[in-house]
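**Student:** Quick one: this structure, given as structure tokens, is what I'll be asking you about.
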């Protein structure tokens, strides 16, 4: 039986941002050159903020609270930290018809499918990137963010799903540039679901196979320290 070319790796502990970014860029280049397999890489970061290509300076409300990193992904400011599952998705879209819209829809379906395994009805919203859930009083909260970049038709960056992060840490930014008080952030824990990261990863893996197809397990990347 031929093994799938997409690898699935999970890094333990907290992964520093800059070595992770350097690895992603190198791996994406190797995939584009036909020298490496595609990869879905799951990790957690220490508390930090990242700025996408559309980030506005005024949306960084507490610039000294956590480290801030400029990144080439799409989107605005977001928070990463413990209790949030980040998945960096390095896929060759040339092998998938170079259909960016379909790729983003598949990422959305992946996250919606993972949430559904915990009884959470999540969905997308017109004009607002990511995956959202309805709350009381007409509120809607984001449970997962999407921000990707393409280089030579290979994706990198990816998604961030709030399992049980400290939601107060989002207060140092205007998340994704949305200041309307009707729209906030939430997590599995905030919605009343106590889920450890290993169990969430199992749900994420199953939802991936439904949205994208099979993967094979791989060792966590070895990173070059800062």
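Positions of Cβ are set from backbone N, Cα and C atoms, glycine also.
Feature list, courtesy of Swiss-Prot:
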- 34-216: domain 'BPL/LPL catalytic' (DOMAIN)
- 73, 74, 75, 76, 77, 78, 79, 80, 145, 146, 147, 158, 159, 160: substrate binding site (BINDING)
- 142: site 'Lowers pKa of active site Cys' (SITE)
- 176: active site, acyl-thioester intermediate (ACT_SITE)
**Student:** Around residue 142 (site 'Lowers pKa of active site Cys'), how many other C-beta atoms are within 10 angstroms of its C-beta?
**Tutor:** 25
**Student:** Please list residues from the chain of residue 147 (substrate binding site) whose Cβ is under 8 angstroms from its Cβ, counting only those at least six apart in sequence.
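**Tutor:** 52, 71, 73, 74, 75, 78, 129, 157, 158, 159, 160 - these are the non-local Cβ neighbours of residue 147 (substrate binding site), listed in sequence order.
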**Student:** So what's the average pLDDT for the domain 'BPL/LPL catalytic' (34-216)?
**Tutor:** 94
**Student:** C-alpha of residue 79 (substrate binding site) to C-alpha of residue 142 (site 'Lowers pKa of active site Cys'): distance in Å?
**Tutor:** 12
